[in-house]
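Taken from TrEMBL, the feature substrate binding site applies to Asp20, Leu21, Asn22, Arg35, His58, Leu59, Gly60, Arg61, Arg117, Arg154. The feature ATP binding site is assigned by TrEMBL to Lys204, Gly295, Glu326, Gly355, Gly356, Asp357, Ser358.
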Amino acid sequence: MKTTSDLGDLRGKRVLVRSDLNVPLDGSTITDDGRIRASAPTIKGLADAGARVIVCAHLGRPKGAPESKYSLAPVAKRLAEVLSTEVVFADDTVGDDAKAKAAALEDGQVLLLENLRFNAGETAKSDEERAGFAGELASLADVFVSDGFGVVHRKQASVYDVARLLPHATGDLVSTEVDVLRRLTKDPERPYAVVLGGAKVSDKLGVIGNLLGTADRLLIGGGMVFTFLAAQGHEVGKSLLEADQIDTVKGYLDRAEKEGVEIVLPVDVVAADAFSADAAHEVVAADAIPADRMGLDIGPESSALFADKLADCRTVFWNGPMGAFEMEPYAAGTKALAEALVDITSRGALTVVGGGDSAAAVRQLGFADSDFGHISTGGGASLEYLEGKELPGLTVLEEGDA
Ligand SMILES: Nc1ncnc2c1ncn2[C@@H]1O[C@H](COP(=O)(O)OP(=O)(O)O)[C@@H](O)[C@H]1O
Ligand SMILES: O=C(OP(=O)(O)O)[C@H](O)COP(=O)(O)O
């Protein structure tokens, strides 16, 4: 894969950079700017080289049309602060404003385009539709730099198709992330555990099949728990549930038993009567969630069990908070898990925390990035890399220029 230094003299060239700036927001306040800080060095490096830098990114999951709550405007402001330079912001992605601002860029200036996912072509299933949008993006620039590690598992216009239209290179963030994850796939020191939680349940249930072949232990927390509990025949009340995946999960449980992989499930959960910080809540046994309650965190016995299962691990990958940590009553499980990881890191284990919300969680709960082996900007992307899947955003970079 080519790096940015293989692109030659970039002075005066328009460089389109795909970054992952999908940060958590509370209204228009960014609650964790980790992905902005992680993306800044590549952008700065290109601007310092005299390039006219056009950054494109997504925020959240809008449905192919503008929605003000998903605007990247607050991100442009923060990016300017992190870069200590002006960041011009375009009100659209490939429309008149973007075209005019891209054309007016001077050497070393940075432009951020509005949310890519305001355009249906970005995430379209149809190759033609995506290629059409990618063509419009590509027409803004001379070269493309792929630096959004958190999205390399997505076959989307700005990740995949645009690289087939422009001379391209891999950004430093993507290179660094892949280097670290490669260490986890090439003969990890054992015991090797993968901890899964979070809310993107349907995405992440799919990776378990392949992880059963590589990890020694799988610890399941967060919103992932309830499809497992349901597969064991338990009532999960109003908790997050992927009902159509219950049979798949039953298959995982059978396979894990046959292959000697330990799947560790919570034994207790914090069950609330609404998805809210001031909802009535109590700790209940995992197999006795009342029908009118939802599980929003793992309970204290589960936290102790998980810490015990991690204590002798030499390699751990963790993606997905153990609970709805943004609300104080449901943050304890995530905090306890982070503490267990910090402990084994200090004893020489390799620990990797991946995912936008997971990284935000550990920082919000008071941990430093240096408490862990590596904090990855990609959750789903890391998981798919670890299960050995081909990631479209990386494969296309290996194909070479069009
Ligand atoms: N039991 C649960 N029920 C509902 N949401 C949950 C639960 N546990 C965790 N979450 C939510 O999961 C979200 C993060 O999920 P996800 O996007 O999959 O993680 P990441 O960004 O780290 O990959 C958090 O916003 C958190 O509130
Ligand atoms: O937040 C992200 O992924 P993650 O939650 O798996 O870390 C990326 O920005 C990808 O977003 P997407 O899962 O909406 O494609």
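A Cβ is built for glycine as well, from the same backbone N, Cα and C atoms used for every other residue.
Where the annotation comes from TrEMBL, it is an automatic prediction and has not been curated.
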Hey, what's the widest CA-to-CA gap across Asp20, Leu21, Asn22, Arg35, His58, Leu59, Gly60, Arg61, Arg117, Arg154, the substrate contacts in the record, in Å?
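Those residues reach a largest Cα separation of 18 Å.
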If you run the three-state DSSP split on Glu326 (ATP binding site), which class comes out?
coil
Under DSSP, is Asn22 (substrate binding site) helix, strand or coil?
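The three-state answer is coil.
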Applying the rule Cβ within 8 Å of the centroid of the Cβ atoms of Asp20, Leu21, Asn22, Arg35, His58, Leu59, Gly60, Arg61, Arg117, Arg154, what extra residues of the same chain belong around the substrate site?
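Filtered neighbour residues, in order: Ala57, Asn115, Leu116, Gly150, Val151.
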Taking a cut-off of under 6 Å between Cβ and any atom of ligand 1, tell me which of the binding-site residues His58, Arg117, Gly355, Gly356 pass.
Gly355, Gly356
Can you grab the distance from Lys204 (ATP binding site) over to Asp20 (substrate binding site)? Cα atoms, rounded to a whole Å.
19
Quick one: of Gly295, Glu326, Gly356, Ser358, which binding-site residues lie within 10 angstroms of Asn22 (substrate binding site), measuring between C-alpha atoms? Sequence order, please.
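Candidates kept after distance check: Gly356.
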Specify the secondary structure state of Gly295 (ATP binding site) as given by DSSP, simplified to three classes.
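Reduced to three states, the DSSP call for Gly295 (ATP binding site) is strand.
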